[in-house]
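Colleague: Okay, these came from Swiss-Prot:
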{"type": "DOMAIN", "residues": "392-825", "note": "domain 'Ketosynthase family 3 (KS3)'"}
{"type": "ACT_SITE", "residues": "CYS565", "note": "active site, for beta-ketoacyl synthase activity"}
{"type": "ACT_SITE", "residues": "HIS700", "note": "active site, for beta-ketoacyl synthase activity"}
{"type": "ACT_SITE", "residues": "HIS743", "note": "active site, for beta-ketoacyl synthase activity"}
{"type": "REGION", "residues": "1322-1458", "note": "region 'N-terminal hotdog fold'"}
{"type": "ACT_SITE", "residues": "HIS1354", "note": "active site, proton acceptor"}
{"type": "ACT_SITE", "residues": "ASP1543", "note": "active site, proton donor"}
{"type": "MOD_RES", "residues": "SER1758", "note": "O-(pantetheine 4'-phosphoryl)serine"}
Amino acid sequence: MDSTFRRVVFFSNEFPSDDLKELFRRLDQHSKDRRFRLLSIFLEESTAILKDEVSKLPRPLKELVPPFGSVLGLVDVDFRQGPLGAAMESSMLTILELGLFIGHYESEDTEWDLVPGESVLAGLSIGILAAAAVALSSGLSDVAKAGAEAVRVSFRLGVYVADISAKLEAPQSDGTLSSWAHVVTEMTEASVQDELKQFNTDTHSPELTKVFISAADKTSVSVSGPPSRIKAAFQHSPVLRYSKSLPLPVYDGLCHASHLYTQSDIDSIINSAESVILPDRSVRLALLSSKTGKPFIAKTASELFLEIGTELLTGTIYLDNVTAGIVRHLQPQSKEMSSWQIDSFRTSLVLRSIHSAVEAKISGEQRQLTRRDLVNWVNKDFGPRRPRSHASSKLAIVGMACRLPGGANDLDLFWKLLEEGRDTLTTVPPDRFDLNTHYDPTGKTENTTQTPYGNFIDRPGFFDAGFFNMSPREAEQTDPMQRLALVTAYEALEMAGVVPGRTPSTHPSRIGTFYGQASDDWRELNASQNISTYAVPGGERAFGNGRINYFFKFSGPSFNLDTACSSGLAAVQAACSALWAGEVDTAIAGGLNVITDPDNYCGLGNAHFLSKTGQCKVWDKDADGYCRADGIGSVVIKRLEDAEADNDNILAVVLGACTNHSAEAISITHPHAGAQKANYRQVLNQAGVNPIDVSYIELHGTGTQAGDAVESESVSDIFAPVTPRRRPDQRLYLGAVKSNIGHGEAAAGIASLLKALLVYQKNLIPMHIGIKSEINPTIPKDLERRNVGLAMQNTPWPRPAGKKRLAVVNSFGAHGGNTTLLLEDAPERVKIQGTEDRITHSVLLSAKSKKSLQANMESLLSYLDQYPETSLADLAYTTSSRRMHHNMRFGTSVSCISGLQKVLRSQLDNPNFASEVRPVPNEVPSVILAFTGQGAYYHGMGRELFAEFPYFRAQVQQLDRLAQRLGFPSVVPVIENSIEDTPSSPILTQLSVVILEIALARFWSLLGVSISAVIGHSLGEYAALAVAGVISATDAIYLVGRRAQLIEERCAQGSHSMLSVRAPEDAIQKMLAAEPETASIAYEVSCCNTNQDTVIGGLNGEINDIRRALEAKSIKCTILDVPYAFHTAQMNPILDDLEALAKAVPFKAPSIPVISPLLATVIYDVKSLNADYLRRATRETVDFAAAIEAAQDMGLVDSKTIWIDVGPHPICAGLVRSMIPSASAMSSCRRNEDSISTISKSLVALYLAGINPCWAEFFKPREGEYSLLHLPKYRWNEIDYWIPYIGTWTLDKAHLKHGTKPTTPFSVSMSRPSALRTSLVHQITAETVEATTAMLHTISDMQHPDFLEAIHGHTMNKCGVATSSIWSDMAFTVGEYLYRRLVPNTKDVHMNLTDVEVLHAQVASKTKGSVQPLVLRAHLNLSTNSMSLSWFNADGETGECAAESFASAMIRFEDPVAWRKEWARLAHLVRGRIEVLEQRASEGKASRLSKPLAYALFKNVVDYADRYRGMDSVVLDELEAMAEVTLVPERYGTWHTPPHWIDSVSHLAGLVMNGSDASNTRDYFFVTPGCDSFRLLKKLEPGARYRSYVRMFPLPEDPNMHGGDVYILQGEEIVGMVGMIRFRRVPRLLMDRFFSPPTTTSVPGPVPPLAGVTMKYHDIAQTAPVRPTPTPPIVLPNPVVSSTMASKAPEPAPLLATSSESSTPKESPIVTPAESERADPVDNNMISQCLRLMARETGLEVEALTADASFVQLGVDSLMSLVLSEKFRTELGVEIKSSLFLECPTIGEMTAWIEEYC
């Protein structure tokens, strides 16, 4: 290098004037070019360090940083916004300058030219940190490494400065930025200092918050301090007020403040940095101090950073000294020196000043001064980019879940299946398709399968729709693969302990999903039979992944891949690639396959893929194809370093994953050994692994001749070559899971991976069961010599000491793709051994339904019974910090496992458990912090928190350092309890309490508690004001400390006392005034704590006299342990001085409301908060009770508000509970209790109240000591959502190629043989009978003479209308038939027909020769002794069944003995009422009606045929009646119980409603929508005599509805009962509209054909309540009420009339306002209609639509919102926007809107 050359590199404290985003973008682009290798390394290291530093931030700060993959991701964040502004600005400036520096050298491709002695470094403020990295470097590669550490220090410095500064003055609550520094020009440093000194003196400014000089030169002075004080200083000083000054862009706090920072502050920033550079690296280049202008004297990196830290925090900047130092360096040492250079990053005022000074120095000399801009290179074009390769991390699989054949619904069951060597082969179950019609071994029948075999998962339709916010309708239409993908994804995440957002790697924006799927059976077959709203989102593949991302709110990528049979493992490989590429930080991957479509069976069979003989016979000589299988599997994958940092359980490590294609195969479906071997080599090379070291391979192994031969060749050649040969101890074991569970196609690869992971877990290779006869001769003969072979028995696979086992998983696609995964053992985890001193632990469980919560509790109890040695700490960690939490919650704090077991058993044994559990509210309750006064003080308060939690400890220490800098004693010994247990001074007592409370408030914020308001009691009000941002923490400490000093100086300790009295203030006054000896005693009211608790103060003698007097009246009194009588005249001597001190303190508007005990109001602005307020608060009464009442009156406090007592002991919590008995009040600390236990209990209480604490922060200090337990998985509240494939249409479509056959009208054949035929049930169309379940489908024609005659026996408006007795007979007929099928030897079958609900009346058509079919579907479950029934209309031409039922009911098979006992107790009461009616009739007080008169009255609504007229006489008294009944002797057909007999004994209720004077029968008629039950103790007898009795009454929940019980007596005995039969009032003007014959017999909408139905009834009783699938009403052919009328009038009862829920007909009469008035509108009827419509469309029960139910939870998404808004318009005449479901997110808000606007 030229000896005449000198250089200065200057690092500025300002960003270049260029567009910052563009600068960083250009840096990022260049870093991707291999020519900028060191720049890339520096940016990568800086990114890693920033991620590490962000991960260590307290949660509230951590959440401010968006997820970022590189520093470029942070550029869009406004540096200056929020509490991390200083940290972000400092670190980004350091990154930018060092990146530009490194890039400059790499762009020039020049050697390092900074030579000690010839080059010097200089900088200002943060720029010095960047310069330090260069000073520590001997080459450019050193800068990249040291620079990243400089970034760490700059970030930490910014965080620390902002934190300390916020304690001096809180940021503006409205986010307005205020400058902490102003520059003054044309004034000397001395004159400015004089003005500042005068201001600080005059305003009594505390030392810490004084205004000071932070920088100076000959032309300007920088003034720094809290923004409000700078403003006050410039207003106070006339000189400064009129000076030339400007605010500097310094928005985040104070540096260069020697009065503020100490060496301990510097050490906490520098010495705590995890640096591998700082300890031993030497300083290579001189770096000038910005204070002295001389080089720092440090010799090592650690010394240099400490010096720089000291200068940045405490040193004043003197620009003149910097300039002088630079000039000195450039000063010529000899005449030969001629070339000087200044390198910089653009220019600035400071740099121009330096440049001018140097030029002035060399003026007249022959010296050359040049400037080099280190920014210019970044904008150059370097030609085409030369990409760099991405480094690969190892990946960790941390969670897995499955649904696999053979009942393997979890991993334990899957392993048991493998370990036992079980084969899950079975025939196709009838719930998939009917083998009787779709299986033809000859293959002659078109579209049939030639094999009946497969491997199937259990209960594929079972799903917890409510958990995943899906409506039953959406769930039913959604592909079971997609549903189970959701389920297994959740279970895998649960196993992995993933809580989205808990760590940087699990931020929702960094999680992606990758699933393999190769078929669409459900969409193409099952759901396509009746295409609905959810056909696309429920069936299209992309929605499978999309639904996972949407439910969990993951915004990473979602990919659905199809690579045929390798789809599952290819999805895993894609996930690995995304992790290696940095696209995601966590990936969920898996494979999906659920078989339902016989077409795929046929296609695969015809292509000779499938075995006709059974299971996959892997490597067997008779291998003849594969056997199909279901399968669902999910795994969770992270980068290994992230998994270790997150304290995850690592199942195995992925070293490599590759996919290629068999392009050279002889056909597209034929495997190719060369391609497979090439893929193995690629994955081995990717990981740098010797193939000989692999000891287990999970084969693709399908059991095909070609596949087995090729794979055995490729595997043996690569992993067990002839040479080098494997040693005897290097046995290579092979396995193939398809021999157990078949070929899961898209799920095959994930099943193989799951098996391999279990092999790692269990250290055992399960036996191979694929060879049924002998090994396939196509397999290489020398495998044994190569030391490779199948594990034919369960073979131990131990982990070698100090080594890791390697395994390979293969999965090949039929299209030619080959995917291979290379695994190794997880790192051996060394659990940190700590001293577990937490006394209690919080154990939590949650669910989204009561049943699931109860089941989760049962599972945990069972687990603990099985593993009683479980670590309670690990259990608490797992159930709280590592679980996603839901709205049904259980939580407890316990000290031992046995205590937890006791609590669980107690809860589970509670018979009222289900009713007592309530979901937490959707809206998070507000939380108010209540700060106690000094009366709660004791030594050691918060000691355990201080010792355990670094964040809490740091807060206390920072506040304590501030107190010490203000001249007060340290409070740390009080908290540590290292002080002598003697009375403390008021200063120490009061400062300790306030510092503790401020630190506790911040700790609660760290734990995730969002504060809504604060209240302080006495001294606690200072902490409250500080937390609310009214005053800074420093000012709070200063005022409290000085206040305490004034009290010590001016007030006599022990002369006064305070007395707590259990009585209100006025009562105390009256009691004292009533006695002469106490009437004149002087005292003052210090505190009104509650309406019954008062604290008074005064002189000791007088207070003692009062105490004795009040105790004599049995009033509880307590002398408080305080040295002064606060809030009394004793405080008068300090008030003036306290107010003067407070006037120097800036007061700001509160960031959260302040509840004021002084003013008894809630304060929202700064007007009332000032020095006078603190004066009055010191002297006047603390009216805590009035303040609470005011907060209630102003709506800030309600019954759900949560209170947290912030202080040493929960005094305020007790006061709040006294004022609000229902209040939830928690503690922060408690005297004589471990403070961690107190916090733990309070966190549980908050959790149960609906707050979501940040449990991760609670466990963070010791997370390495805890283990994530593998607990039982979530217990789902499942219901079977299954659409069976109905009919044979996959077969029938084959005939289309021969031409469409002519269609013929549908008819119900009465000549076709049927095992069940009656007058109403005509033909069985489908029947399945199993061990405990049975299913029956029947079809009937309402136009059949027997059926039609039964209908015409009950006419309304001259139309035959099916009466409820018809549905009763059909139900009893089918019920007895099916019951006897399961229990054939039953003598008598006693049935209780319950829950009868008819949504649409059935009116007989008057078209002669027409067909009017209806379908009855029944499902019987013997385990619950119940049967569900649903009636459907069917198309009169095609026979197609409607998708939705018009009626439903249940039958319960019961013991008649219980009925007899029940009715025997009631019989005398019923007989008594009958006798009363007879007596009243004889007295003329009740009406006795003859048969003709009774039925004449009935004819007002219903005209009964003669056979239905069984009532001989009736006694009617308003709504009560009895009848004498004689049944006609003729049955008139084939029935179980003739409808005309049923009607005769029960229709007395209808006569009461439609014939009594108590009803307005002129304007209204009454129809019945159903009943709760119908029972007959014995069969009705022909010609027998009965009596009926009923008393109807209005139902309180609906003014248009009446109900009552009809009793049927034979002799003196009750022999039957219709329980709670209901009648609805309907305007008579609607008679024509509701009861007119249908004009068509067709059913709208495509529906599945009826013929050939085969359905398996699933027993769901053990997992969920028996509940028929809810089906909405369909549009019937008969006319219905218009939409206008539907919205104005009560809807008619649907049993006998069409419900207003039906669609509006095309032509509807206009309803005039007068008609609307006559309809007697009822406000809540519109609400009822709306709710029923929503229930119908979503498939939910109306009962589920509670006021607090949210539409999101009910599964109402944007698509359903559109559907509902359209239905509201067309059916109810209500115009709403679909967005209303977002604007009114709950049912209650929606109904309120409807009431208001509709």
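The backbone N, Cα and C atoms fix where each Cβ goes, glycine too.
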Colleague: Under a three-state reading of DSSP, tell me whether HIS743 (active site, for beta-ketoacyl synthase activity) is helix, strand or coil.
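Modeller: Its secondary structure by DSSP: strand.
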Colleague: Under DSSP, the region 'N-terminal hotdog fold' (1322-1458) has how many residues in helix, strand and coil?
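Modeller: Residue counts for the region 'N-terminal hotdog fold' (1322-1458) by secondary structure: 30 helix, 57 strand, 50 coil.
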Colleague: Check the active-site residues HIS743, ASP1543 for other C-beta atoms within 10 angstroms of each C-beta and report the one with the most.
Modeller: HIS743
Colleague: Please name the residue among the active-site residues HIS700, HIS1354 whose C-beta has the most neighbouring C-beta atoms within 10 angstroms.
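Modeller: Going through HIS700, HIS1354 one by one, the largest Cβ count within 10 Å is at HIS700.
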Colleague: Given the active-site residues CYS565, HIS700, HIS1354, ASP1543, which lie close to HIS743 (active site, for beta-ketoacyl synthase activity), meaning Cα to Cα within 10 A?
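Modeller: Matched active-site residues: CYS565, HIS700, sequence order.
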Colleague: With Cβ-Cβ distance below 8 Å and at least 6 positions apart along the chain, what are the contacts of CYS565 (active site, for beta-ketoacyl synthase activity)? List them in sequence order.
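Modeller: Long-range Cβ contacts: ALA518, HIS700, THR702, HIS743, GLU745, ALA746, ALA748, GLY749, SER811, PHE812, GLY813, ALA814.
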Colleague: For CYS565 (active site, for beta-ketoacyl synthase activity), name the DSSP secondary structure in the helix/strand/coil scheme.
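Modeller: DSSP call for CYS565 (active site, for beta-ketoacyl synthase activity): strand.
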Colleague: Translate the DSSP assignment of HIS700 (active site, for beta-ketoacyl synthase activity) into the three-state scheme.
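Modeller: The three-state answer is coil.
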Colleague: Find the average pLDDT over the region 'N-terminal hotdog fold' (1322-1458) in the predicted model and report it.
Modeller: 91
Colleague: How many Å separate the Cα atoms of HIS1354 (active site, proton acceptor) and ASP1543 (active site, proton donor)?
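Modeller: The separation of the Cα atoms works out to 10 Å.
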